[in-house]
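Undergrad: Input: one structure, supplied below.
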Amino acid sequence: MTSLFSRVVRAVKQLSSEVVVGAQCGSAVLRGAHVFTPGIIASPKCKSPVVQSMLLYNTRSACDVFLFFLRADMKTGDVVSVFSDLEGKCTRGATSFQGKTAFVGNGVSEVERSSIFCSDKPAKGVGIRMVEPLYWSPSFDGVLPNLAFLQNLPSVVVGHVLGPRPGERILDMCAAPGGKTCHIAAIMGDQGEVVALDRIRNKIDRIRQNAQMLHLRSVKVYCFNSTQAVSSDPALQTEGPPFPPESFDRVLLDAPCSGLGQRPNMACTWSLKEICSYQPLQRNLFHAAVRLLKKGGVLVYSTCTVTLAENEEQVAWALKTFPCLTLQPQEPHIGGEGMPGAGLAPEQLRLLQRFSPELTWDQTQTTAPLHCRADKDTIGFFIAKFLKN
Ligand SMILES: C[S@@+](CC[C@H](N)C(=O)[O-])C[C@H]1O[C@@H](n2cnc3c(N)ncnc32)[C@H](O)[C@@H]1O
């Protein structure tokens, strides 16, 4: 994070009036968002300068000007500095906080302190409109909403590596909020069928909304646990899941993962137990993916994490468990290659695509062509492409 800041961070002066937000909200601000009111944890009393005249005794001047600060509640229009609570220790509604924070920029308050913490109504909407964010990442909200969908670079690469063609039937096993689903449907010119599954019901609506906004009719959305998305029951007649084996031309398994490649990220709250819980889940999903794929079909496995266990080890396991799978070259291949340590041969590692969040390129390299630095200035990401023989 320090190296990220040193390169892109702007010199923004911290103000005396401070607002504390949650770490997730702070990360969103660094990605270009404003502060939404539910993200505000504390708005300590703001300091307003007050000029007063007072008589000073024992001086040659009869009076002097004295500046002091009066503490007042935050009001609409106040300019405040926003700090992210890194350890989640700030008490809601607190008026002062001495814990560990990170400064994320300055903004103008659109709410009063009392409407956040002393009201029965749930707080919603923009609370602080950021005018001087530390990390310059303009918001894409409302920009060409029917035509464009903003994704990070590795996610865009995934859609192309899958290589969907018009008229094909594609399965996106873990689809919400639907960024890759919509990209796949767009690459296919909305010709064919993209089945999008996700286990979490309230995330399903986001996939539908995004597909509708982009006028994509080929996207079919279902709330379903993809580990159970395959069934050999001959009586199965439904349009939706579970599906018979070998139902799809291509399958994308953009797996649930520990997300350790996500940037910016100011507070990692994962326990080791949680991080280790993903490998078995990913393998269960992989079993279903291989069964649902037609012979001659393509399976793409991707994660937004950096661990060997969820990436190269999964590839080594898959090649051993499913002899019908072979690793394939990826197009485009703008990331780095796979990491050694999981027993894969050097030629296999070269077929894998790993994007690394380490920022090692210095200022002198900023003019290097995109493909020379794409694997160094993105979120951490991993892509493997298989063919089912
Ligand atoms: C990495 S996110 C997917 C991001 C998505 N592909 C995109 O590009 O917008 C992983 C998703 O997997 C879903 N998920 C986790 N376990 C699942 C399961 N057993 N079946 C289906 N979806 C699952 C989560 O709800 C989460 O939305």
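We number each residue from 1, going along the chain as drawn.
Cβ from N, Cα, C; glycine included.
TrEMBL annotations: computationally assigned, not manually curated.
Dumping what TrEMBL says about this protein:
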DOMAIN    74-389  domain 'SAM-dependent MTase RsmB/NOP-type'
BINDING   Cys174, Ala175, Ala176, Pro177, Gly178, Gly179, Lys180, Asp198, Asp254  S-adenosyl-L-methionine binding site
ACT_SITE  Cys304  active site, nucleophile
Undergrad: Restricting to the same chain and to sequence separations of six or more, state which residues have a Cβ under 8 Å from that of Cys174 (S-adenosyl-L-methionine binding site).
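TA: Same-chain residues close to Cys174 (S-adenosyl-L-methionine binding site) (Cβ under 8 Å, separated by 6 or more) are Leu197, Asp198, Arg199, Ser226, Leu253, Asp254, Ala255, Pro256, Leu285.
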Undergrad: Taking the Cα atoms as reference points, how far is Ala176 (S-adenosyl-L-methionine binding site) from Cys304 (active site, nucleophile) in Å?
TA: 14
Undergrad: How big is the Cα-to-Cα gap, in Å, between Gly178 (S-adenosyl-L-methionine binding site) and Cys304 (active site, nucleophile)?
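TA: With the alpha carbons as reference points, the distance is 15 Å.
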Undergrad: Return the residue, from the listed recorded positions Ala176, Gly178, Asp254, Cys304, with the maximum count of other C-beta atoms within 10 angstroms of its C-beta.
TA: Gly178
Undergrad: Taking only same-chain residues 6+ apart in sequence, whose CB is under 8 Å from that of Lys180 (S-adenosyl-L-methionine binding site), what do you get?
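TA: Listed in sequence order: Gln151, Ser155, Val158, Gly159, Asp172, Leu252, Asp254.
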Undergrad: For Asp254 (S-adenosyl-L-methionine binding site), which of the three DSSP-derived states applies: helix, strand, or coil?
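TA: Asp254 (S-adenosyl-L-methionine binding site) sits in a strand per DSSP.
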Undergrad: Determine, for the S-adenosyl-L-methionine site, the additional residues of the same chain whose CB lies within 8 Å of the mean position of the CB atoms of Cys174, Ala175, Ala176, Pro177, Gly178, Gly179, Lys180, Asp198, Asp254; present them in sequence order.
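TA: These residues sit around the S-adenosyl-L-methionine site: Asp172, Thr181, Ala196, Lys203, Ile207.
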Undergrad: Hey, what's the widest CA-to-CA gap across Cys174, Ala175, Ala176, Pro177, Gly178, Gly179, Lys180, Asp198, Asp254, the S-adenosyl-L-methionine contacts in the record, in Å?
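TA: Those residues reach a largest Cα separation of 13 Å.
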